[in-house]
Structure formats: C-alpha cells, structure tokens
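The following features are taken from TrEMBL:
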- B:66-183: domain 'ABC3 transporter permease C-terminal' (DOMAIN)
- B:21-42: transmembrane segment (TRANSMEM)
- B:62-82: transmembrane segment (TRANSMEM)
- B:103-129: transmembrane segment (TRANSMEM)
- B:149-178: transmembrane segment (TRANSMEM)
- B:199-218: transmembrane segment (TRANSMEM)
- B:230-254: transmembrane segment (TRANSMEM)
- B:284-309: transmembrane segment (TRANSMEM)
- B:538-566: transmembrane segment (TRANSMEM)
- B:596-616: transmembrane segment (TRANSMEM)
- B:636-658: transmembrane segment (TRANSMEM)
Amino acid sequence: MMSLLEVKNLKKIYTTRFGGNHVQALTDVSFSVDAGEYVSIMGESGSGKTTLLNILAALDKPTSGDVLLSGKDMTKIKDKDIAAFRRDNIGFVFQDFNLLDTFSIKDNIFLPLVLAGKDYKEMEQRIKPLAEKLGITDILKKYPYEVSGGQKQRTAVCRALITNPQIILADEPTGALDSKSTDQLLHLFGKINEDGHTILMVTHSVKAASHAKRVLFIKDGVVYHQIYRGNSGYDEMYQKISDTLTLLTTGGDKNA
Amino acid sequence: MRKGLFPSLALQNIRKNGKFYLPYILTIIGTVTGFYIISAIASDEGVAKLRGAAYVELMMSLGINIIGIFAVIFLLYTNSFLMKRRHKELALYNMLGMEKRHIAWILCYESLYVALIGIVGGLLCGILLHKLVSLALFKLLRFDIPFGFTISTAAIKASTILFASIIGITLLFNLVRIRKAKPIELLRSSSAGEKEPKTKWLLALIGVLSLGAGYYIALTTKTAIQALTIYFLAVFLVIVGTYCLFTAVSIVVLKQLRRNKKLYYKTKNFIGISGMLYRMKQNAVGLANICILSTMVLVMVSGTLSLYLGTEDMLDSFYPGQIISEITINTEAENVFQKDIMVENINDIISKNNGSITRLEEYTFLSFVVGRGENYYHTNVEKSLNADYVQLCFITEEDYMKLTGKKVELKENEILFFSDTMKDKENIRIESGDYSFDFTIVEHLNSFPTTGGLTSIVDTGYGVVKDEAVLQTLYEGQKSAYGEMASNLKWIAIIDTDQKEEIQIKCAEEISSLSSANGIGDYSFLYVTTRAQNSYEVYAMTGGFLFLGLFLGFLFNMATVLIIYYKQISEGYEDKERFEIMQKVGLPKKDIKHSISMQILIVFFAPLVVSAIHVAFDFRLMIRLLSLFSLTNNGLTMLCTLGTLLGFAVIYGIVYWLTARTYYKIVSAE
C-alpha cells in the first residue's frame, strides 16, 4: 500500500542574503506516514523541526528531495496553485494559534472555506458537528481576544478540520497552553485520530509526543531514531521517549 | 556611564529609525522654511513702502499666525506617532539596565539633534527660497521687483524661538510619558489587542444630521450677506459631520454589510469588510483629519485662485472706465450743477495734458434701498430688521439711449425694468414716505448698461424713467422717508483717454479740484478716481490672498501627505501579521496583493471623495461670497475649482502610489 505522505532525501540549505554563509538545516531526511497514523517529530531547538514542517506545509521549498502527498509531488506545484493546494489538503494547528482578531471565532473557522469560495449554507452545515465535538459551540460569536488559550487552540483545530484535509500538521500545538488545556487538547487529538484523521505533530514536549503512535527523532538535520508505541500506555511511552532523548543528548553520537 | 555614549546612541537611534525620523525631520524643515519666509516678507522694509502694502502686511501676519498654530498641532501629532512606534525599543533599554534618567538623556540628545537639523536646515532652505518666493509674490501683486538679497535676522530669531519651544514641548511630553510608564507596558503598548469597534448609533445620527444641515445651508443660501453670516456655521456643521461620518457612520454601514451573509462570505468582501472595520477604529480620526485638511486646501486654493484670476473682471465692474468722476448733486443749491460745463472742463484738462478722450459715458443716477412688500416696494425698512431688501437704481430715458444706442419713448408713469425676480410683473408700486409711485412696465430688459459703480449684496432692480423730473420726484420721495439717510442724485462720467497711466492719475487729480469757480455750479461732493491707481490695491489684495492660499495649501498638503505616509507604514506592520496568517490558511499571494490594494485604495481615496463632495456643496456658498468682491464669473470659479481638484488629485495619486509600494514591501517582507 502506498503511504499518504512520503518524504524522500529532503535537504535544505539556507543562504544568507549576500550568499556569504550557508546553513544546513536539513541534511537528508526520509520517512513516510500512512493514512490514519498519528506521528510526532521530536528534536531540540535548531534540529531542523520547523524547517521540516514548513516544507511539509508548502510554505518553504527544499533545496533538494521530494515530498509526496497521496503520490503528488508538493515541491513541483506551481506558486500560484500552492495556496489552493494547501487549503484543500492540509490542516494547520500552530503554537500561537494564528487566529485573526478582526474575525469572530466563527469567521476564523470559516476563513479557509470562504477562501475556497464555498457556499454559506454548506459552511453552516460543516461547522455544527465539529464545533460540538470540540466544545466551542458557545463561543462561536465571541472574538479571539475574549476567550482562553485552550479555547483558541480548539478553534484553530476546528479551522484545520473544517476543510476535511488529508493530513493535519501541528506545530508545537501545546506550546502556549497550561497543563489542563494541554491534556484536553491531546485527548482531542487522540479522538480526532480515532475518527480517521492523519496527524503529524512537531513538538519538543515529551508529554505531547507520548500521545502519538510513533515518534521520530531529528538531530542535526537527519532522522536519527524512531520508536513505536505498540501496545504500551502513555506513561510507558513517556519513559521510552525520555530515555531516547537522554541517549541523544549524552552519548548520542551515531557512529560512536 | 561612559561619557559620549548618550549622544552617539541618540544619533544611532535617529539613523536606525530613519523610516520614521526622516519624514518628521523633513516636516520640521518644511514648516520652519514656511515660517521663516512668511516672517521675512512681513518684516521686509522694502515691502512696507510699496503701494497696497497694508494688504500684504495683513495677509502675512495672518499667515504667520496660521503657520504657527499649525506647526504646534502638527509637530505634536507626528511626535506622538513616532513615540508610539518606539516604545518597544525604549523599553528594551530599560530592561537591559538603563535607568529612566539615562533614557531621558538619550531623548534629550535626540531632540537636540532633531532640532538642530530641522531648524538649521529649515532656515537655510528659507533663506535660499525667500528671494524666489518674494519674486513670485511680487509678480502676483504686480509690484516692481526690488533688487538685492536679504537675510532677515528678525525672522531667524522668531523661527528659532518658536520651533525650539515646540520641540522642547514635545520632549517634555515624551519625558513625562517615559517617567509614567512601566517597562512591561512600554513593551506591549505597540501590540495591544484591538477590540472590534462599537456601533455608535447616536454619533452616526448626529453625523448624518449635521452634515445634512451643513449641506442644506449651502444649498439654500441665496444672498452674499446670508452666506457671509452663515458660512462659519456651515463649516462647523460639516466638520462635525465629517468626524462623525468617519468614526460612526462608516462603522454602522460596514456592520450592516456584514449582516448580509451572502454578501459577506465572499472571499473579497470577507477580508475587505472585516479589514475595513478594524481599520476604521484606528484610522477614523486620521481619515477625518485628512478629509478636512484636503477640503481646506481645495477651498482655499480654488477660492483665492478664482479671486485672483477674476481680478480684471472685478476691476471692470468697480471701474468701468480709466477715469471715473462722480458728483453728488446738491439739489438745494441755488447755483445748479451744470453737467455740460463739467464735460467741457474735463475735456480741457485732458487735452491740456496732451491727450484726448477716446470714450465718454455720462449719466445721472439715483439709487436707494427699499423693502420688498408682497406686491410693492416700501420705505418702511427700519421697522423690520429682517426685511427683504432690494436696491433700486434709476436712470433717464435720454441717458439710456446715449448709453445703449436704442430708441425709447416713455410716458411719465412708464418704466423699463431689469430684475431677476420681477420678470412676471406688469406694474411696480413704490410707497415712499409721503409719495407713492405706480409705474407700468413697458418692457422687461435683459441687461442694464451700468451699475453706477455699485456692488450689490442684495437683489437689485434697474429702471429707466422718462426724464430728470421723474428722477427728481423719486429722489424727493425717498428723501421724505429717509431724511438724513437718503441717497442723493449722482452724475457719473466714465472716461477713457489715450494717455499713460501716470498722466491719467494726474488728470484725475486736476478734475477733482474743479469747483463752482470753474462754472460747473455747486455740488455736495466730487470724487474722481482712476482704474490705474486702484488696480495696484486690488491686485495687492487678491494677489496677497492667492499667495496665502497657495502657501498654506502647500503646507497643509505636506501635512496630509505625511499623515497618510505614517498611517500606511504603521498599518503595514500590523497587517503583515494578518496576511501571514491568511497565507498559511490558504490565501494565494495574488489575492493578498489584490485585497491590500483594494483596502488602501478605499482608505486613501475616501477622504478625497468626501472632500470633493464637500467642495461641490461649498461651491454655491463660495460663489455668493465671491460676489461680495464683485466677482460674478461663475464659469471661471468653476474652472478654478475643477482645476484645483484635479491638481490635488494628481498629487494625492502620486503619494498613494509611493506609499502603496512601501506598504506592500512591508507586508510581503519575509
């Protein structure tokens, strides 16, 4: 069976404006994600996590390598079509929510649908069940500055889901939340995954990662290691991840 | 702390914040230049010696005051904008361990540098441009151009003191603000979350009403006197209306648009309407300011331009000939005024001065004010202050035939009449003290050969009657009613000669010294004037007005441009974030560009469109006011207004193009 997302030999080199310095953010990254999977990518600051996510989200282009989503090479999509492709196929959840203060919660959720030129009736139909599942029905008329961080993030999740994307990309989704909201959100992600959505989450929170079914570790621009949850519980998974991270930072030279 | 750190830090700050500081410094330079030039011209002794200098001095002192007030308000405004942008940077200094008094020192040095660059630069520009501007002024005033290059120390002193104090005051404001603020507040204040604007129905209603009232006044004002008394009320109403329009009405309208779901949830409208709503809250006052400033520029420039270009018309109506001699006839004198001998005397004087008369028009003229009754005119005007006044003017059939070359034969109770408001009447009745007159209108004239040199601010009716005997009884009638205040019969001669202007002036002086000794009989008063002599004064007045209009127009224009520039830049930084989010959610770059240009276009041109509408309504009032200066060439006024509007729109368009580019660069920067 073909994977939903396939990343092959991804390489990204940043060049400073006048071409003087080269910074290698991604050296050689390859992995694949099957439909229905829940994958976390972990790594320290500067390991290339964010660069990877930006490329997966088609916000940035790799220096070399391919990204295939359902067999379609995202790196080859023309600039003018890329926004529509992103809108229709990828759902985003960001660390800082990225909600617009100029729109109500409801209009924030509608934003991708409006951009896609959908009918108002259809939008209303789509939002109802989603808002109920995410527990934000009561705040739809409010504005982002009037609700809590957890509610903002659930709004962002709702916005990501409303287009029925092939994959949900989450960038440190719990980074700006308190522990209670974090638990709620991770629980929600589990539920969404059970409903059949594919989730790819970038994080350096062990707790967040422990909810995933598979965890990839990135170091110095390459996928260094990966662990599967299998049948283990959250606590066991948490321990495994912690151990791996310790190994990575202390004696983790691959060739040692 | 190391000596010399603050000055160098201050210098660095100014350089690093060039995007904000450069326009600020340029504004100071611009206003200092303007202020210096006006003060220098006002204090120029050469100007004071010229004919009509009184007008020029009046205009310049008006200009000094306006620029002074403008400078204070405007520099405080731009400074507050500048400081808002810099809170974060100053807070960072504070966090990094700099005490507030250290920051105060930096601010002091910054102000010092700004003041030095601004004032010295402004004075240099002023001194250089002073000559050029005064050449232009003299050209406008038709003065002879004096030689020499002068530097006015008085003007340098005045400009330095004024602007040093203004910058001192802004520094004081900034210091107080820094003193009060906590670093964490400073860090946040430029990114404080903005709430959606509230709907202010009352304010919106007030806005619509006062704008409507202002426009209604402009549309219903019929006479110049009304226009003069009511003008400032209308201006006030329109200003209030404009502020409400931008702050409240706009939001009401946008919110109504948002209610319409079908319309609102279209990509373009969705981003546009919500963006505008958000923008209006912060920018409403700024946009209203821009609108009012532009309206002022438009009205000022078009009004003064019409006045200046209409100067010849004005002179023609005041002075229909090169020499005008006007004798107030003394009807009680035994030795009656002899107009034929008067004409002979005038002929003698002209030929004695080696000239000859090329045109001579002379007539006897009576004019007095009456009240308008329902179907008649009456002299009981003192009884009602609010009475509807009409000015009546009469000449004789003989003079009318001489002036027009037409042939008329009237009976004693017949009249030829010219009036805009009496076209459908067949009879005129004048109740005048002990007398009453009933005239049958034989013919309604379409024009009248003379206005008797009068500028009428009320409706005027002109009549041709049979002979001087009828004029005499009309005169006696109003005399019986008005007594001391009655008008007199006048004999007016309009003379053109083939002499030079100086000779004409000399002849006029000689004519004015004629008396009964020359055999012309007794008269109450003799007034002789020349067009040549008066045109200097009239041009000094209209040219002075135009100069002031253009000068202030230029200054206000600069202010408008700067406000717009600052607005666009500061909005650019805020919008950058919004558009980044939209891009992530799936808004194509092309649409972003489109949406940006739409919003800028609306924000930019809304004030221009509104001020064009203001000017259109003001046009009627302006025509009425200009008629006070005997300027009735409405076509010319229309042309001047349209021309000014077009010129302004072009400048505005260029500024739009420049700022839109900067704005897009900021928003789309990676």
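The backbone N, Cα and C atoms fix where each Cβ goes, glycine too.
Mean per-residue pLDDT, taken over the domain 'ABC3 transporter permease C-terminal' (B:66-183), amounts to 85.
Note on the transmembrane segment (B:284-309): residues 140, 238-239, 242-243, 245-247, 250-251, 542-543, 545-546, 548-550, 552-553, 556-557, 559-560, 563-564, 567, 603, 606-608, 610-612, 614-615, 618, 622, 625-626, 629, 631, 636-637, 640-641, 643-645, 648, 652 of its chain, located 6 or more positions outside it, place their CB under 8 angstroms from a CB of the stretch. Here the transmembrane segment (B:62-82) does not lie next to the transmembrane segment (B:230-254) in space: the count of CB pairs under 8 Å, restricted to residues six or more apart, is fewer than 3. With Cβ pairs under 8 Å as the measure, the transmembrane segment (B:103-129) is packed most heavily against B:21-42, out of B:21-42, B:149-178, B:230-254, B:538-566, B:636-658. With helix defined as DSSP H, G or I and strand as E or B, the domain 'ABC3 transporter permease C-terminal' (B:66-183) counts 101 helix, 0 strand, 17 coil.
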